[in-house]
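Q: Next up is a structure, given as structure tokens.
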Amino acid sequence: MPSSLKGLGQAWLSSSSMALSACCSVSAWQKRLPVLAWLPRYSLQWLKMDFIAGLSVGLTVIPQALAYAEVAGLPPQYGLYSAFTGCFVYVFLGTSRDVTLGPTAIMSLLVSFYTFHEPAYAVLLTFLSGCIQLAMGLLHLGFLLDFISCPVIKGFTSAAAIIIGFGQIKNLLGLHNIPRQFFLQVYHTFLSVGETRLGDAILGLVCMVLLLVLKLMRDRIPPVHPEMPLCVRLSCGLVWTTATARNALVVSFAALVAYSFEVTGYQPFILTGEIAKGLPPVRVPPFSVTMANGTVSFTRMVQDLGAGLAVVPLIGLLESIAVAKAFASQNDYHVDANQELLAIGLTNMLGSFVSSYPITGSFGRTAVNAQSGVCTPAGGLVTGALVLLSLDYLTSLFYYIPKAALAAVIIMAVVPLFDTKIFGMLWRVKRLDLLPLCATFLLCFWEVQYGILAGTLVSTLFLLHFVARPKTQVSEGPVLILQLASGLHFPAIETLRDIVLSRALEVTSPRPAVLECSHVCSIDYTVVLGLAGLLEDFRKQGVSLVFSGLQAPVLHTLLAADLKGFQNFPTLEKAEQYVRQELGMEPYNVCEDSVPEHKVTLLTA
């Protein structure tokens with residue numbers, strides 16, 4: 001006994017030391033802290049490119065952050081509070097060199113739905129979303145995102161683009177007292193169109209035209225080559241820089257126009273107004289809030305957030321990982337989806353301590369980052385520093401930014417979110433996928449969570465129907481040969497049973513059958529019971545039911561169940577030959593290039 005205990009202890013120590021060495025290996029540390037993989041190779045060339053990219057993204061995110069705070073129904077400074085935490089956290093934890101985390105149009109829309117325009121609710125939602133996202137990363141639950149199909153995502157983003165864009169019409173036209181619910185918003189906007197402020201409308205339209213022209217200019221800049229004349233390269237660089245920083249330039253132009261009118265004593269525009277100066281205070285997220293009618297407890301706040309605690313973290317993860325994978329594929333590198341969950345989860349958790357609202361990966365700013373030639377996530381340090389500098393020194397200047405200019409920035413940012421091609425593509429490829437797309441798209445105008453839930457439910461029903469009604473290829477002849485074209489799970493066993501019984505036993509002359517199961521990789525207890533029942537039915541009729549091509553795990557399960565009359569053959573030919581011999585028919589010899597002469601039908605039950 002002592003020797004066995006000693007051996008057991010040595011084995012435990014050996015396995016523990018191996019596990020510890022695996023956890024402490026360089027590759028393990030690099031996986032959890034990706035910065036350790038690229039930092040030792042960092043160069044001056046990378047520093048230059050990262051600085052340019054970080055500056056470009058910073059000039060884009062500052063006006064966008066102010067605008068997205070308006071979409072979220074929060075004071076403008078909360079957009080800037082949300083724009084810098086991700087820059088610093090992602091440098092250490094992110095696996096994509098291109099992704100930039102920060103406020104986005106879609107997340108701002110979700111925040112406006114669930115936080116009642118109350119900053120305390122928004123900050124608490126950030127903290128709880130971060131906890132949920134971090135837990136999903138630690139528990140490797142990222143696969144749950146796979147159940148939200150592409151048509152659902154496209155339906156949601158297209159609806160969000162319309163909701164966000166139309167929601168800014170009131171600021172573009174200078175209208176007041178417009179409700180935030182979409183249908184009421186449409187009604188009251190058209191009802192109040194006669195109250196349009198001419199100054200806001202003209203400035204907003206001019207800003208939109210300028211943004212569009214600058215975007216088209218950037219899209220048409222030819223690739224720069226070293227053999228080009230210096231003046232051509234400089235011109236292309238100047239145009240590209242101007243077009244990339246178009247949001248900042250257009251907002252600055254609008255602010256200068258507004259300031260010029262302010263000096264004369266006449267102001268035709270609605271301005272952003274006072275913004276809290278300085279950096280945000282570092283404090284614990286609010287777990288209760290004092291309202292006009294009393295103090296709201298943490299439990300009550302969680303109840304008020306409701307479905308937002310599921311929708312916001314899931315959509316945040318989905319958007320960020322989709323952006324990361326898209327640019328990783330485009331630029332030929334790999335991202336770790338689970339590590340991305342950890343990065344965005346920790347970003348939101350830490351961001352809640354500086355009054356951030358929930359953030360995610362931004363497609364538009366990530367595109368700017370990639371096109372600027374960023375080499376590592378270190379470009380985010382420059383972006384974050386620029387946002388902090390603007391908070392510390394520029395907030396007094398933000399007073400003069402017209403709301404119409406910010407509305408123009410938002411509208412031009414969300415236009416690409418509406419995917420007009422997806423409807424035609426699905427019509428050509430698989431029309432059934434239009435159902436979850438349209439369900440999501442239409443119901444999102446009522447409530448966002450209903451749209452996402454309906455689309456996901458429809459997609460899941462399609463998936464469950466496919467599992468419960470597997471495609472089955474049946475070969476008719478003296479021997480019924482049934483080939484499962486997909487897996488076999490417990491919802492499908494009754495369908496399989498009905499097909500086999502109706503084709504083999506419920507006929508004038510019962511015949512034997514062969515189940516070809518090479519595509520079945522796993523079964524459960526319900527399937528075992530169903531197959532046992534089939535074997536019993538065949539035995540009562542005096543004919544055989546045999547199996548072929550069972551994979552090792554499935555064969556092991558069926559052998560462990562000790563089914564009476566169970567027989568398995570390695571190939572379909574051998575199984576069919578055995579049954580034919582049992583019937584007293586001539587032996588069936590199959591050469592390599594011969595095919596059994598059966599009438600084949602495809603059943604899609």
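Residue positions begin at 1 at the first shown residue.
Including glycine, each Cβ sits where the backbone N, Cα and C put it.
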Q: Checking Swiss-Prot: are Val284 and Val527 on the same side of the membrane?
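A: Swiss-Prot topology: Val284, Val527 on opposite sides of the membrane.
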Q: For the transmembrane segment entry in Swiss-Prot, name the matching range from 26-46, 341-361, 425-445.
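A: Range annotated as transmembrane segment by Swiss-Prot: 341-361.
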Q: Quick test of your reading of Swiss-Prot: among 99-119, 477-497, 540-560, where does it put transmembrane segment?
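A: My reading of Swiss-Prot: the transmembrane segment range is 99-119.
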Q: For the topological domain 'Extracellular' (325-340), what's the model's average pLDDT?
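A: Mean pLDDT across the topological domain 'Extracellular' (325-340) comes out at 86.
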Q: Out of 99-119, 147-167, 197-217, 250-270, what stretch is closest in contact terms to the transmembrane segment (51-71), meaning most Cβ pairs under 8 angstroms?
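A: Most Cβ pairs under 8 Å with the transmembrane segment (51-71) come from 99-119.
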Q: The transmembrane segment (304-324) vs the transmembrane segment (448-468): three or more C-beta pairs under 8 Å (separation of 6 or more)?
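A: Contact criterion met.
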Q: Cβ under 8 Å to the transmembrane segment (197-217), counting only same-chain residues 6 or more beyond its ends: which ones?
A: 171-175, 239, 242-243, 246-247, 249-251, 253-254, 257, 268-270, 402-405, 407-409, 411-412
Q: Which of 99-119, 123-143, 147-167, 341-361, 374-394 shares the most C-beta pairs under 8 angstroms with the transmembrane segment (73-93)?
A: 341-361
Q: Which stretch from 99-119, 250-270, 341-361, 398-418, 448-468 shares the most C-beta pairs under 8 Å with the transmembrane segment (147-167)?
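A: It is 448-468, which has the most Cβ pairs under 8 Å.
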Q: Please give the sequence-distant neighbours of the topological domain 'Cytoplasmic' (271-303): residues at least 6 beyond its ends with Cβ less than 8 Å from one of its Cβ atoms.
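A: Long-range Cβ neighbours of the topological domain 'Cytoplasmic' (271-303): 66, 75-77, 81, 118, 120-121, 123-124, 126-128, 258, 309, 352-355, 388, 391-392, 395-396, 398-403, 406.
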